[in-house]
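**Q** Submitted below is the structure of interest, expressed as C-alpha cells.
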C-alpha cells in the first residue's frame, strides 16, 4: 500500500484499531501523520486512542457479531489489533471470506491471543528453546504440573496481560493462593493456565523486530524491569554479548517469519551469558518499547505505521534502525478510584533531557498505568535515574 488518500473523503485510506489504549494512541498519531483515516474501537468510551482518532466505537470485541458489524460498517483497508481480547476467529474468517487485511495476519492475531498458541508454535513446531511448561485446566492438573516442572515456577492465565492473574510460586505455601488468583485475574475469567518452570536468567529483553517491504530489521535490545508481571522500567540499549544478540535475532526472525505479514513485533527473551530462551511475542508495539519515543529516530509506533503501510522504515538494504543514545522509561502508576489529575508537571520536566507522556486514561479503578517518563543520558544508569527522578516529581491525584 504505497498510495495514500485523504481522510474523510472517498479516497481515504482507512485503518481500524481494535484496542485503543496508550500504545494504540501512539500508533494512531503516527498514522495521522500520513493522512490515514483512523477509526478506534475498544470496550470502553474515551479510551486514549479514541481521543486522537477520526471516530470511535465502543463494543465487546470478543462478540463475533458485534465485531463483524463494525467491520462491515467501516470497511477498513487495514485492521490493526492492538490488544489480545478480540474474537480472532472472526478475523480469520473475514480474511478467508473477503480478503480482509489484518495486521500482521489473522493467523498471527489468533495464535498470539493467548499463551498456549504461541508457546506451542515456538517450542513444538519451531523447536525454539523455552522454559519447561505445562497447560492445565483444573486444580488437580495444576498440582501435577508443579510437581513436574518443580519450584520455583510461575503460573499465568493463558489469556491475560500486564501481570493480571500471574504469580511466582517459591514454596508449597504459595500454591493455593496462586491458583485462586489465576482463576480470577485472566481476561476470560476462570480457565486454562500455563505453569512455567523457572529459568535462571541474567536479564530479559524485548527485541523489537520489524517485518517490512524491504525485509526484516531489528531495533537495539531493550532491557526491562517488571514487578508483579507488569512493566515498570525499560531502557535501550541493553548490553549483551555479540553471541547472545545474534542468537536473539535468530530466534526473533524464526518466530516472526512463521507469523508472517508486515508490522512490528515485540519478541520477549530470557538471556543468561550467551544462552537465549524464547518467552513470548506480541504482533504489535510493546509496552517496554515506550522508551523508543526518545531512544530511536523512529519510535516503535512510527516503525509499525510505516511497515503496515508498505513504506520504508529507514533500514532497507542492510541498514539499521537508528538510535539516539542511552535512554530509559519509567511507568507512572495510579492506585485507587477516580479520574487522574497530575501535579508538579513542570518539575518533572525540569531536566532538558526528559520527556513525559500522559496517556489520557479516563479513569482508574484499582491500579492502572497512566503515563510514562522518558530520559536520555550518557549512560543507561544515568538515563534510568533521570526517568525515575522525573516520575518521583509527579503527584497523581484521583478525583471523582
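Glycine too: its Cβ is placed from the backbone N, Cα and C atoms.
As annotated in Swiss-Prot:
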BINDING   22, 23, 82, 287, 361, 368, 369  N(1)-(5-phospho-beta-D-ribosyl)glycinamide binding site
BINDING   115, 156, 161, 162, 163, 164, 165, 166, 196, 197, 198, 199, 204  ATP binding site
DOMAIN    120-309  domain 'ATP-grasp'
BINDING   268, 280  Mg(2+) binding site
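Are these features on the surface or tucked inside, and what touches them?
**A** Mapped onto three states, the DSSP output places residue 369 (N(1)-(5-phospho-beta-D-ribosyl)glycinamide binding site) in strand. Packing around residue 369 (N(1)-(5-phospho-beta-D-ribosyl)glycinamide binding site) is summarised by its Cβ count: 20 other Cβ atoms lie within 10 angstroms of its Cβ, all protein chains included.
Under a cutoff of 8 A between CB atoms, and with a sequence separation of 6+ in the same chain, the neighbours of residue 115 (ATP binding site) are 156, 158, 159, 194, 280.
Secondary structure from DSSP puts residue 280 (Mg(2+) binding site) in a beta strand.
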**Q** Between the binding-site residues 163, 198, 204, which lies closest to residue 368 (N(1)-(5-phospho-beta-D-ribosyl)glycinamide binding site), Cα to Cα?
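**A** That would be 163, nearest by Cα distance.
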**Q** Counting distance between Cα atoms, which of the binding-site residues 23, 196, 204, 287, 369 is nearest residue 268 (Mg(2+) binding site)?
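**A** Spatially nearest to residue 268 (Mg(2+) binding site) by Cα position is 204.
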**Q** Which one of the binding-site residues (280, 287) has its C-beta surrounded by the most other C-beta atoms within 10 angstroms?
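**A** When each Cβ's neighbours within 10 Å are tallied, 287 tops the list.
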**Q** Going by C-alpha distance, which of the binding-site residues 22, 23, 361, 369 is nearest to residue 163 (ATP binding site)?
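**A** Going through 22, 23, 361, 369 one by one, the closest to residue 163 (ATP binding site) is 369.
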**Q** Tell me the Cα distance separating residue 287 (N(1)-(5-phospho-beta-D-ribosyl)glycinamide binding site) from residue 196 (ATP binding site), rounded to the nearest angstrom.
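**A** Between the alpha carbons of residue 196 (ATP binding site) and residue 287 (N(1)-(5-phospho-beta-D-ribosyl)glycinamide binding site) there are 22 Å.
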**Q** Would you mind pulling the DSSP three-state label for residue 23 (N(1)-(5-phospho-beta-D-ribosyl)glycinamide binding site)?
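**A** The three-state answer is helix.
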**Q** Taking the Cβ of residue 368 (N(1)-(5-phospho-beta-D-ribosyl)glycinamide binding site) as the centre, count every other Cβ atom within 10 Å, in any protein chain shown.
**A** 17
